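Participant: To start, I am sharing the structure in question, which I have written as structure tokens.
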There are 4 protein chains.
Amino acid sequence: MANSKYEYVRHFELADSLLPSTWLVVRIDGRGFHRFSQSHNFQKPNDRRSIELMNRCAIEVMKDIKDIILAYGESDEYSFIIPKTSNLYSRRASKISSTVVSLFASNFVMHWSEYFREDQLLYAPCFDSRTVCYPNDKILRDYLSWRQADCHINNLFNTTFWALVLKGGMTEIEAENKLKGTLSKDKNEILFTQYDINYNNIDAIYRKGSTIIRKKTEVSTISPRSGELITRTKLIPTAVYDDIIGQEFWDAHPELLEEKKKNNNHA
Amino acid sequence: MANSKYEYVRHFELADSLLPSTWLVVRIDGRGFHRFSQSHNFQKPNDRRSIELMNRCAIEVMKDIKDIILAYGESDEYSFIIPKTSNLYSRRASKISSTVVSLFASNFVMHWSEYFREDQLLYAPCFDSRTVCYPNDKILRDYLSWRQADCHINNLFNTTFWALVLKGGMTEIEAENKLKGTLSKDKNEILFTQYDINYNNIDAIYRKGSTIIRKKTEVSTISPRSGELITRTKLIPTAVYDDIIGQEFWDAHPELLEEKKKNNNHA
Amino acid sequence: MANSKYEYVRHFELADSLLPSTWLVVRIDGRGFHRFSQSHNFQKPNDRRSIELMNRCAIEVMKDIKDIILAYGESDEYSFIIPKTSNLYSRRASKISSTVVSLFASNFVMHWSEYFREDQLLYAPCFDSRTVCYPNDKILRDYLSWRQADCHINNLFNTTFWALVLKGGMTEIEAENKLKGTLSKDKNEILFTQYDINYNNIDAIYRKGSTIIRKKTEVSTISPRSGELITRTKLIPTAVYDDIIGQEFWDAHPELLEEKKKNNNHA
Amino acid sequence: MANSKYEYVRHFELADSLLPSTWLVVRIDGRGFHRFSQSHNFQKPNDRRSIELMNRCAIEVMKDIKDIILAYGESDEYSFIIPKTSNLYSRRASKISSTVVSLFASNFVMHWSEYFREDQLLYAPCFDSRTVCYPNDKILRDYLSWRQADCHINNLFNTTFWALVLKGGMTEIEAENKLKGTLSKDKNEILFTQYDINYNNIDAIYRKGSTIIRKKTEVSTISPRSGELITRTKLIPTAVYDDIIGQEFWDAHPELLEEKKKNNNHA
């Protein structure tokens, strides 16, 4: 075969398998999304269309990659959770990372106009991704808590910052200086006394970020044979805006941390 | 900070730096493109629109990521070459792989309709990617030769196979059996004697694949101040369909393998 | 500094940190110990001196590296267990592997004559090592069970094989053929009926291998000031020959799997 | 097989192959050798016995591991060079690192008394090791230059420091202060004017470190059959004390950097 004398170059492709029996988290992050959000006139402090598009992309990724049990998104990032027992792509890091991120990116463009309507997509978005192992359930939950706490901190800051700018008439530099060194309660106070905003009444989608889980959903189809309406229960990836730091969410969804049984002995 | 007690989870993100002073090749591959090409009625043996869209995506990637000096594509795959001296993203494997593949995927959707016109994109495409180190110029060239030889082998097979099916009226199974065990010269012979096709006259884009290099190109703009036409020379990523196995191509483009000087001592 | 222009070569030393919060097992293995045991006339099926020397080396390693909580040895191999919470050498794989194996090897030579007396050490022994992460207690125990089951299987085979050869007068090839395809109960039967050996009465050190744990031990010293005899309790690495597959051993030593508390939040 | 239900733990042993076609350098380093040299009354600034023992160990390692073409040692460290074409232990990092370091450590104890005579070895020495890839000849030579420049800098400092202490009657702190901020020429000046030492006349073994290469050596044996004296040329690992930074050494030993031909196509 003409090709065989070059084929030795395959040996430079080194293995990159991830440790078995650990949670895998694929986190994708928008590259240059500050500029991207400006070019596309994202509303401040949050652009609902952007969040819903991000959620849609995450849902499409989960429809395609069945091993993902949960995804959590905030701002321009999304984390996809793959169980300890999964053998997706033989747990090869680059295969997992790249598949998720490219599906997310292509769906982002694919579904843009459903959310942004007449606002054209001006250039192709870019995301990076990495896959990280977390050895047990507590650390996985701490990872998700880390991201949701990050969402809270950023959203409270942004909400106050843009209130000062958009409603208070401050320049961005003035608003930044005003908020320097303030605590959460100071920002809550500013929002409440100056702008009549009770932060806790703001939509949960902004305060809590979006969590996609596979929800039991009634799906109706018409039988092609009998013409009857058939209703079945399917697991459909669905966004919720819950607190995922506390215990309540995990008690309500015990299947998430349950050990999936496999036909091998991996614990 | 509310976030700090969870921040330890960062330590699970392990370093994945690639060896300095080696060529980096990011290879992306279409996932499930057999089905994708069927769903979208790709022409056989080659769909010109698909090739040109792939090339366009590679060009967009190179416009964005300046460190890439050359890209080579065939079928549903593309390889991007980053020089030994590059410090792109501190040579972090997952950052490089994911950025390239997500840009490629989002551009694929972005520019689909320019090439496929009224043929709608039915679902989001997916690519995987990996980044591999090659320690020296000879091995890098062998890598590229490997891919171009692969292109040749596949294209000769496909051209003959689809001639037997589309012009010869064979079933796909008959055509496959007919070609089992045949050598290149046998396939050339079938094409020439039965279908009057001289394989060497087939468009180079099919036989050789596409190589994107940064070509000196005259670019004309009208000065916003004087209204004059200004012509400058810029390096524009451009597709060529050359043989890259032989020495000639590399002699014609000596800058490709030239050591880029850097402000450190990396050899 | 004269050295600075070469110092860039440091960047080729890539990070090799092991995943936090996982059990680390350093396994060392004798290289070429079949020949080594022949050159040094090891007794068959087991050489007590060799086992005790191996145990001594493991004890010396544990005296030096306090993070190791348990070691298990059989034949020419030893496994050293480092807890999930340990930050030994910042969990760098090569640092941990090489320190353990070089200490083991130098102690092997150092203490040879205490166990082998007039039988000279003819050449320097060699061991390899690797460090592997195990994400949770169950898998760690399965690892140790794997090694102890291996010890059992090999020792039953060897005991029977050498009975056939040394007591039964068979050649080694005859003995091997005789044992081909036999089950455990067949070997037990041969030992019992032909050689009056009840396998279960064989010393546990041979059947179970050696487990080194840090045992509370009364240590007496004479006070340099008062001349009084002072008795204190210290944790001294000590060999036991217990079954470590069953639950009993772990119930008797609950501290082994207990989470060590640390001053950070690693779970 | 009793063992099979535990055997899955093997999957936690991840691949650690090193990039093909790169130079491999195994560097070992004494752990805690400051204390070790004090406990064993090493002479200052250099202990000839220690250097010769280190060299002996490196020679024994090279006699055992034929792939190593050169070793360079200074102080309590040694670097072993394995060619780009080598496939030693399938280029597995931990196997290579651990084999070299354990052989070195066991030989250190084995041959101690040949060099230290009545001075007993008080405790087992320990070395760590790591294996690093260097992609081309220039970088490999820069690596070796880095180590030899390090040797020069340290030895000039130590020689001056200990002259001030041992001959000049300074305390160690006084000597350290005296040398703070001095350049090479200052130290040369102190040695020459105050202690009549011409640094360049100091034995090369101290100034240049030790380089072990495989030297063609005439070896005489008496034929067991004829009783005749037979003289053959063999390649014997031998210490030289040359400058390895300049070109001369490499011109004198062209085989060191020559591409070893292999029966595969690795470049």
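Cβ atoms here come from the backbone N, Cα and C positions, even for glycine.
Below, the features straight out of TrEMBL:
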type    : residues                                                               : note
BINDING : B:Asp29, B:Gly30, B:Arg31, B:Gly32, B:Phe33, B:His34, B:Ser75, B:Asp76 : GTP binding site
BINDING : B:Asp29, B:Gly30, B:Asp76                                              : Mg(2+) 1 binding site
BINDING : B:Asp29, B:Asp76                                                       : Mg(2+) 2 binding site
DOMAIN  : B:6-135                                                                : domain 'tRNAHis guanylyltransferase catalytic'
DOMAIN  : B:139-223                                                              : domain 'Thg1 C-terminal'
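Explain the structural surroundings of these features, please.
Facilitator: The Cβ of B:Asp29 (GTP binding site) lies under 8 Å from the Cβ of B:Asp76, B:Glu77, B:Phe127, B:Asp128, B:Ser129, each of these being in the same chain and 6 or more residues away along the sequence.
Taking Cβ-Cβ distances under 8 Å and a sequence separation of 6 or more, the neighbours of B:Gly30 (GTP binding site) in its chain are B:Phe36, B:Ser75, B:Asp76, B:Glu77, B:Pro125, B:Cys126, B:Phe127.
According to DSSP, B:Asp76 (GTP binding site) sits in a coil region rather than a helix or strand.
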Participant: Taking the recorded Mg(2+) 1 site as B:Asp29, B:Gly30, B:Asp76, identify the other residues of that chain whose CB atom sits within 8 Å of the mean position of the site's CB atoms, giving them in sequence order.
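Facilitator: Result: B:Ile28, B:Arg31, B:Phe33, B:Ser75, B:Glu77, B:Phe127, B:Asp128.
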Participant: If you measure every Cα to Cα distance among B:Asp29, B:Gly30, B:Arg31, B:Gly32, B:Phe33, B:His34, B:Ser75, B:Asp76, the residues said to bind GTP, what is the biggest one in Å?
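Facilitator: Max Cα-Cα spread across the GTP binders: 12 Å.
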Participant: Provide the list of binding-site residues among B:Gly30, B:Arg31, B:His34 whose C-beta sits under 8 Å from chain A at the C-beta level, in sequence order; use 'none' for an empty result.
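Facilitator: Going by the Cβ criterion (under 8 Å to chain A), the qualifying binding-site residues are B:Arg31.
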Participant: Among the binding-site residues B:Arg31, B:His34, which residue has the largest number of other Cβ atoms within 10 Å of its own Cβ?
Facilitator: B:Arg31
Participant: Per DSSP, how many helix, strand and coil residues does the domain 'Thg1 C-terminal' (B:139-223) have?
Facilitator: 56 helix, 13 strand, 16 coil
